[in-house]
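See below for the structure under consideration.
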Amino acid sequence: MDPIWYIVIAVIVVALVGVGVGVGLRQRALEQKRRAEIEEPTPEPGAEVEPEPGEEPAEPAEPVEPGLDEPEPPKSRLQRLRARLAGQNNALSRGLLSLLSADKLDEDTWDDFEATLISSDLGVGPTTELVDTLRTRFKVEGVDSPEKAREILREELLKLVDPTLDRSLNIRSEGDDPAVCLVVGVNGTGKTTTVGKLARVLVAEDAKVLLGAADTFRAAAAEQLQTWGERVGVDTVRGAEGSDPASVAFNAVDAGVEQGVDCVIVDTAGRLHTKTGLMDELGKVKRVIEKKAPVTEVLLVIDATTGQNGLIQARIFREVVDVTGIVLTKLDGSAKGGIIVQVQRELGVPVKLVGLGEGADDLAPFDVEGFVDALLEE
Ligand SMILES: Nc1nc2c(ncn2[C@@H]2O[C@H](COP(=O)(O)OP(=O)(O)OP(=O)(O)O)[C@@H](O)[C@H]2O)c(=O)[nH]1
């Protein structure tokens, strides 16, 4: 035989032995694995693992997102904000307290009181009403002590601010659709800030929220809104700068329905040059959203420091959309809480929220008794 055949045969033998050993080893490994599985079965994905007797069942790990803010709970927020409204810093409060501390209630004292109320944006109508009622009651009921005067003043102030108005916010889903909250107002009043703060209020109450940046007029507004959302783990639906606000609002609500959120809050632009433009745009935003889900709350944001201007804006917005609630911002900087009464009378819509600072949690539900008591606090 040719020696080349010896070499070929030797190579084949070596190869066959190698394959045999390999298969054997693999089979042994498979066998070991199978045995191990029989002794300790691998759980199906998502299946619950029975704890060993005596062993504590493992707690499902909370998804912890690093760097998220923890918004202040509504209760302590209210107390803090009440404290901020109280006392001598507030013109309305000062006027009320000066009446209570007057030695005698002569014409001059009543005139001064009336002037202070008007200058604190209470408006001429409500001021005259209040002063007339107080004068009559003080006389008829023979007020002879500051305590009695305070009691009457408190009662009349409560009536003026109207505790009977429904101030609840329709921002929690009640059916299959999410609640939709449209936030409108002139630029600079604090709309974007309010949307951000409101998202925090909802997150603190464990609601699932989505934001819609329909202020496409100013790119920085969407940026600002997204930053507010990111701080509490809430997503923002945005569009390109200058894109149609109605389509961004629609996309946000569409995504909200898809994700099953409790509330979609839509921020809108306020910087429109003509009233007609404003009407067209806001009307369209609302109509387009409602192809997807009803708008459950329309909040008009008014800057308390703008006084009569705020009222003029309120009138314009009332013509455009059905405002269901007012957010009065910057009450901390105005010292003129009287605007609450005027704006409610003007629109026939309750003040539902008040902003009392630039801080992330400086927004609180408006509480009539808390407000009046804060004004009368010394
Ligand atoms: N002191 C105080 N400042 C506030 C309050 N709410 C908002 N601001 C400030 O007001 C300024 C304007 O707020 P934005 O939220 O940007 O106002 P906007 O209405 O969205 O303005 P545009 O996006 O231009 O339409 C910001 O500096 C806020 O920090 C408040 O309750 N108190």
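For all residues, glycine too, the Cβ spot is worked out from N, Cα and C.
Residues annotated as GTP binding site in TrEMBL: 185-192, 267-271, 329-332. Listed in sequence order, LEU182, VAL183, VAL184, LYS191, ALA214, ASP215, PRO245, ALA249, GLU281, LEU282, VAL285 are the same-chain residues six or more apart from THR268 (GTP binding site) with CB atoms under 8 A from its CB.
Taken from TrEMBL, the feature compositional bias 'Acidic residues' covers 39-59.
Look at TrEMBL and you will find 350-363 tagged as domain 'SRP54-type proteins GTP-binding'. Nonlocal intrachain contacts for the domain 'SRP54-type proteins GTP-binding' (350-363), taken as residues 6+ away from its ends with a CB within less than 8 angstroms of a stretch CB, comprise 69, 71-72, 77, 81, 84-85, 162, 165-169, 190, 193-194, 196-198, 200-201, 228, 231, 299, 325-332, 340, 343-344.
Here TrEMBL flags 34-76 as region 'Disordered'.
TrEMBL lists 6-25 with the feature transmembrane segment.
Model confidence over the domain 'SRP54-type proteins GTP-binding' (350-363) stands at 91, taken as the mean pLDDT rounded to a whole number. Sparsest Cβ environment among the binding-site residues GLY185, GLY188 (other Cβ atoms counted within 10 Å): GLY188. Taken residue by residue, the domain 'SRP54-type proteins GTP-binding' (350-363) breaks down under DSSP into 0 helix, 6 strand, 8 coil. Take the CB of LYS191 (GTP binding site) and look out to 10 A: across all protein chains shown you find 25 other CB atoms. All chains included, 26 other C-beta atoms sit within 10 angstroms of the C-beta of LEU331 (GTP binding site).
In the three-state DSSP scheme, THR268 (GTP binding site) is classed as strand.
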